[in-house]
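J.: Pasting a structure below so you can have a look.
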Amino acid sequence: MEPGPDGPAASGPAAIREGWFRETCSLWPGQALSLQVEQLLHHRRSRYQDILVFRSKTYGNVLVLDGVIQCTERDEFSYQEMIANLPLCSHPNPRKVLIIGGGDGGVLREVVKHPSVESVVQCEIDEDVIQVSKKFLPGMAIGYSSSKLTLHVGDGFEFMKQNQDAFDVIITDSSDPMGPAESLFKESYYQLMKTALKEDGVLCCQGECQWLHLDLIKEMRQFCQSLFPVVAYAYCTIPTYPSGQIGFMLCSKNPSTNFQEPVQPLTQQQVAQMQLKYYNSDVHRAAFVLPEFARKALNDVS
């Protein structure tokens with residue numbers, strides 16, 4: 001069963017043929033990623049989406065939502081560490097953090113490591129993803145045991161409407177802009193996050209891939225610049241995401257913020273204590289250095 005030209009990815013066991021999971025999607029037409037499957041571990045349709053977990057030959061357990069890979073045990077750390085530490089290390093004192101999405105627990109795991117973080121609220125609309133992750137991705141879901149966490153199973157939009165001027169950092173760990181997640185890439189969502197942030201607050205959102213979605217990234221950057229005095233785009237590498245890269249849109253309400261230089265640089269001792277495998281202060285700085293085609297597109301340089 002192949003998706004149509006404008007359709008979603010093939011989901012569930014239908015995406016597994018002859019021992020291989022194959023990811024295709026209209027958001028990255030003309031290309032596919034395949035992983036060899038050792039065992040199908042879980043398949044169920046929740047109220048919101050199709051949830052598939054399989055054990056792969058080389059990437060460990062893999063979580064797939066609506067036919068699109070969300071994380072694998074082998075490479076998830078790069079994305080989780082970056083989407084958490086880029087904003088946290090760009091804020092002078094991030095005590096209260098809000099996570100939208102991130103049901104697999106990876107972002108939460110990284111956020112609660114920070115000693116300055118006193119409380120974390122996570123809004124995840126699909127409780128089934130949380131339960132599946134606790135069972136099949138325990139190394140990611142470990143953060144759910146943190147005493148810093150308040151878990152809110154429900155709509156992040158409604159939660160932020162009721163909690164304004166409340167958070168130092170907001171992190172949105174969303175899936176790709178299809179279906180319900182499409183609204184998380186709109187100006188109205190960023191405006192809502194702005195009102196939920198404190199006066200010097202910082203946000204970081206999943207920002208798609210510069211090789212595939214440059215027009216969308218440019219559009220997002222433009223409306224972010226109309227809302228925030230400081231906006232920056234960064235990226236990291238991750239093998240099982242489309243084209244091997246994923247980006248991050250960062251915004252600050254504080255005009256003196258310099259995302260390219262961490263205000264709280266981690267020492268190598270802290271990196272070791274936090275068991276980081278991708279992020280360090282040099283990687284932080286390098287993440288904002290874009291290839292020329294992306295730099296030109298995002299900065300309107302002719």
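Keep in mind that glycine also has a Cβ here, set from the backbone N, Cα and C atoms.
Pulled from Swiss-Prot, these are the listed features:
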| type | residues | note |
| --- | --- | --- |
| ACT_SITE | D173 | active site, proton acceptor |
| BINDING | Q49, Q80, D104, E124, D155, G156, D173 | S-adenosyl 3-(methylsulfanyl)propylamine binding site |
| BINDING | Y79, D173, S174, S175, D176, Y241 | putrescine binding site |
| DOMAIN | 18-253 | domain 'PABS' |
| MOD_RES | M1 | N-acetylmethionine |
J.: For a quick check of packing: other C-beta atoms within 10 Å of the C-beta of D104 (S-adenosyl 3-(methylsulfanyl)propylamine binding site), how many?
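T.: There are 26 such Cβ atoms around D104 (S-adenosyl 3-(methylsulfanyl)propylamine binding site).
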J.: Greatest CA-CA distance (Å) over the residues Q49, Q80, D104, E124, D155, G156, D173 that the record ties to S-adenosyl 3-(methylsulfanyl)propylamine?
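T.: Result: 22 Å between the two most distant Cα atoms.
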J.: On a count of neighbouring CB atoms within 10 A, which of the recorded positions D155, D173 is highest?
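T.: Most Cβ neighbours within 10 Å: D173.
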J.: If one looks at the chain holding E124 (S-adenosyl 3-(methylsulfanyl)propylamine binding site), which residues at least 6 apart in sequence have a CB under 8 angstroms from its CB?
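T.: Listed in sequence order: G101, G102, G103, I130, L151, H152, V153.
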J.: Compute the C-alpha separation of D173 (active site, proton acceptor) from D104 (S-adenosyl 3-(methylsulfanyl)propylamine binding site), stating it in Å without decimals.
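T.: Cα-Cα, rounded: 10 Å.
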J.: How many other Cβ atoms sit within 10 Å of the Cβ of Y241 (putrescine binding site)?
T.: 25
J.: Measuring Cα to Cα, tell me the gap between S174 (putrescine binding site) and G156 (S-adenosyl 3-(methylsulfanyl)propylamine binding site) in whole angstrom.
T.: 11
J.: Across all chains shown, how many C-beta atoms besides its own are within 10 angstroms of the C-beta of Y79 (putrescine binding site)?
T.: 24
